[in-house]
Amino acid sequence: SGEKWDFVLVSDIHEMGSEKETKRKKFLDELSKKGFAIKKIEDTKLFYGVRAPEQVFRKYQCLLGKPDRKLQNENSPQDIPVTTRIRIVHFILQNTVTPDLEKLGDLMKKKVFEAAFPLHEKEAVREFLKVKWARWRGLFNKQPIGKIRCYFGEKVALYFVWLGWYTYLLGFAALAGVLTFVAGITLFNSSQVSREICEANATIMCPLCDKKCPYWVLSDTCTYAKVTHMIDNEATVLFAIFMALWATVFLELWKRQRATVVTDWDLYGWDEEEEELALELINNLQHEPRMYHHSYLRSTIVLLLVLLVITVLIGIAHALVIYRVIARALFAQSSLGLLRDQADTVAVMTGAVLHYITIVIMTKINRRVALFLCDLEKPRTFSQRENNFTMKIFTFQFFTNFSSLIYIAFFLGRINGRPGHYVRVAGRWRLEECHPSGCITDLFIQMAIIMLLKQTISNVMEYLIPWVSHKLRKKQKRPQKRSLILGEEEEAEDPCKRQWLSNYELNEVNVFSLFNEFLEMIIQYSFTTIFVAAFPLAPLLAFLNNLFEIHLDAIKMVRLHRRLVPRRANDIGIWLQVLEAIGILAVIGNGLVIAITSDFIPVQVYKYMYGPCVGQNHTDVDCSMGYINHSLSVFRIRDFEPDMGPGLAATGLCCRYRDYRNADDYTYTMQFWHIFAARLAFLIIFEHVALCAKLIAAWYIPDVPQKIKNELLCRKHTDLRKELRWVMPWKVPG
């Protein structure tokens, strides 16, 4: 069709004279007053195409076009890019007020209009994106960022620039993770500690649960110990420091990348406030700007509510802990032999699956709550509202995703008492303990399950739901040709009709469509950095996931969803601060994992203070020899709580458990405090070294490349020179 329409409004066919119909008419009249062309097409729904008058775009160019551009384009306003056109029209539609003081948003809530969307055009750009970018075959092609910007606007283009850059740098982190893992596998059989566990067939351990559980022999857990020492070794410490540095370098390089891209687009010094005021004035000359204001009362209320939500989320993590405790007790008493022997692992695995389900449900609830809190704050502009919403939803999502991991990493097995004096839930069920070969394996299992589930299920759903719903909408919406009544001539079908219908059949998009993609990636980024010491393969999983994610998002945007309203932006907004915060959390998190969760420190303390190497220079002895025997305390069976321990006659009079306590009165030994001090010292040193390294890296890599700085400098110089040229001719000859 020769005519181009900026936006399409869709509404149900209402009865004549009904309230909805009058409201619709009032709104369209307001648009006509502003000089909009409106075209109506009737089908099973009513479609209204709207086109803004040219003077709107001329005003925009006068206000925001560069001064020299003003001169060239006096007579050719069609040079304005399509994305800008759609953005201006969208703004006017959203801010047109009817005599009843209702805007389009209110009318859509009242079902007067059902949808409003810009059209996917059959432009060369879109065809190019369809063929070269939005398909699985182009998995390793370079992304056509310029074309994406021309079609979807800067905000979407910047998301893809960021995602591409993040994926590219993840490749290096993934490589380091794989190397760490391989180093662990080569130590699989050679580790002295796991060898000792495998040979300890005379060490009798205290039962892992009440009543039904037997005493057991330490060497039963041989494979488990080998797996643990595959993750928990010296290489992991180096890898954790590497990842802390990687996070910083990634952000610093991203700032440079962003500066380069944005300067190419001529948006480096773009001012969002000016843009917003210009649009307001184009829409309504009488418009008064909304002032900034800040209310401490409001902020306090919001802060308290946020803390309340966080408390609830931590409560949910507690519920999961209690589930695991009870599940473990029930599985351990089950009649199935396999389930009874693996009670531990089964409880952890089902716990992880449950955790995944709570993540899915709480994500939906968190969004509602965050939106409600944003409305309480009454933000001034849309972008401010988006920033407030981002901070809240990220905080909630962080606790939803990580509270259970934090428990497993730092509290599991440290708050459960000792034999004869266990901490119990409701006075009945014993709190769970770590595995005898260390707690890091529990964290490893939990991380692996959540990352795999998140990435496989969530991605499949993310693609299938829009795909299926698009197919269903297509089926529903095709109306049968009306039979010719009374031999009427059927009018030739309007060429716009098919295009509008096919756009209407695509899936809806809203303001949060892009936001959701960002949030998903940022949570994934947290998983790949915060507890990476426990799961060195996390970056690899993230890398593989992102290769698909880029094309998945592309296919959704180009083929399955209506066209997003292009938004202008010159950076990724508040997400940058979120990423920086995660970088600092990653240093703290990994420091804590190595200091508290892993057995790295106790083994080192044993080597240099208690082991066979102390005081003598044996070169042929492994310094960690005898560590396992040293790390188990002795418990006299007669001290069990009545009716809790299994029959006394079962074995000798003592069993062993993992802790540093005296054999006579069960108080902590000197070595416990030695290790405690060493853990703290390591944590402080690790954090300070890593944070210093981060600061140095941030200082060493400039945020803006010199090339860009020089380009901006020359631009300013030329502009000022031009200004002076106007002054020169009037100079009085001397």
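Each residue, glycine too, has its Cβ placed from N, Cα and C.
Residues or ranges marked as domain 'Anoctamin dimerisation' by TrEMBL: 73-145. Residues or ranges marked as domain 'Anoctamin transmembrane' by TrEMBL: 148-712. Look at TrEMBL and you will find 156-185, 235-254, 300-326, 346-363, 393-412, 522-548, 569-596, 676-701 tagged as transmembrane segment.
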Please give the sequence-distant neighbours of the transmembrane segment (522-548): residues at least 6 beyond its ends with Cβ less than 8 Å from one of its Cβ atoms.
-> 139-140, 163, 166-167, 170-171, 173-174, 176-178, 180-181, 184, 231, 236-237, 239-240, 243-244, 246-247, 394, 397-398, 401-402, 405, 409, 440, 443-444, 447-448, 450-452, 454-455, 459, 575, 578-579, 582-583, 585-586, 589-590, 593-594, 597-598
Are there 3 or more C-beta pairs under 8 Å linking the transmembrane segment (300-326) with the transmembrane segment (235-254), counting only pairs at least 6 apart in sequence?
-> no
Name the range, of those listed as 393-412, 569-596, 676-701, that has the largest tally of Cβ pairs under 8 Å with the transmembrane segment (156-185).
-> 569-596
Mark yes when the transmembrane segment (676-701) and the transmembrane segment (393-412) have three or more Cβ pairs under 8 Å (sequence separation 6 or more) and no when they do not.
-> no
With DSSP, how much of the domain 'Anoctamin dimerisation' (73-145) is helix, how much strand and how much coil, in residues?
-> 36 helix, 3 strand, 34 coil
Contact ranking winner - 300-326, 346-363, 676-701 against the transmembrane segment (569-596), Cβ under 8 Å | 676-701
Averaging the pLDDT values of the domain 'Anoctamin dimerisation' (73-145) gives 79
